[in-house]
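Peer 1: Below, the features straight out of TrEMBL:
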type	residues	note
BINDING	His40, His65, Asp66, His138, His164, Asp197	Fe cation binding site
Amino acid sequence: MREEYAKLNRVEMSIWECCELLNEVVDESDPDLDEPQIEHLLQTAEAIRRDYPDEDWLHLTGLIHDLGKVLNLPSFGGLPQWAVVGDTFPVGCRFDESIVHHKYFKENPDYNNPAYNTKYGIYSERCGLNNVMMSWGHDDYMYLVAKENSTTLPSAALFIIRYHSFYALHREGAYKHLLNDEDVENLKWLHIFNKYDLYSKSKVRIDVERVKPYYLSLIEKYFPAKLKW
């Protein structure tokens with residue numbers, strides 16, 4: 001999947017155009033969404049902006065963190081929900097019991113493969129998440145798009161985008177033996193961010209046109225005008 005999507009040969013569009021495109025996506029795993037996706041993105045971003053007014057990179061991260069869900073759309077391959085949304089987890093080492101629906105891993109050949117079913121598997125202590133292969137999903141796709149289009153967002157922002165669905169780590173505290181020092185620092189920001197993502201969407205409707213100029217200015221600051229997707 002990474003090889004296929006790393007080609008970034010599907011479309012050229014701006015970040016805001018992708019925000020609008022995301023309105024066509026319904027995430028069946030999201031427990032509390034009646035509004036269009038763009039409102040969820042802006043609700044997340046505006047809540048962060050209210051509490052962390054000086055961290056503009058974090059506001060923008062709130063806006064863009066779920067843009068990888070366009071993978072559900074036919075023009076992006078029309079991947080099924082299970083391959084796009086929901087929890088992500090490392091492959092190549094033991095599946096931690098804190099991963100949702102853990103019992104189904106017993107059907108996975110890796111579960112009984114001695115090369116992959118130990119605590120470290122193919123990895124080593126504190127090897128860094130950058131060296132860990134994660135299950136594919138919208139997190140890694142958006143991380144790939146941001147990185148390959150030369151975003152100037154800080155390391156913590158890319159970490160949030162890449163691992164916000166890695167609940168076994170940031171909610172359950174599993175897999176910490178794989179983190180390096182930079183991961184440990186970035187995880188602090190992911191814990192902050194997570195308070196504003198799941199289960200915390202405001203029911204106050206966002207006036208998209210009112211806040212749009214602010215977010216367009218952040219997009220211009222941290223991204224090129226058009227990105228390859």
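Heads up, the Cβ atoms here are built off N, Cα and C, so glycines get one too.
Please treat TrEMBL annotations as automatic predictions, because they have not gone through curation.
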Peer 1: Could you list the residues of the same chain, at least six apart in sequence, whose Cβ is under 8 A from the Cβ of His138 (Fe cation binding site)?
Peer 2: Asp66, Leu67, Gly68, Lys69, Leu71, Val84, Val85, Ser165
Peer 1: With the cut-off set at 10 Å between Cβ atoms, which of these binding-site residues ends up with the most neighbours? Options: His40, His65, His164.
Peer 2: His65
Peer 1: Taking the center of the Cβ atoms of His40, His65, Asp66, His138, His164, Asp197 at the recorded Fe cation site, which other residues in this chain have a Cβ no more than 8 Å from that point?
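Peer 2: Close Cβ neighbours, site residues excluded: Leu41, Thr44, Lys69, Asp139, Ser165.
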Peer 1: Fewest neighbouring Cβ atoms within 10 Å: which of the binding-site residues Asp66, Asp197?
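Peer 2: Counting other Cβ atoms within 10 Å of each of the binding-site residues Asp66, Asp197 gives the minimum at Asp197.
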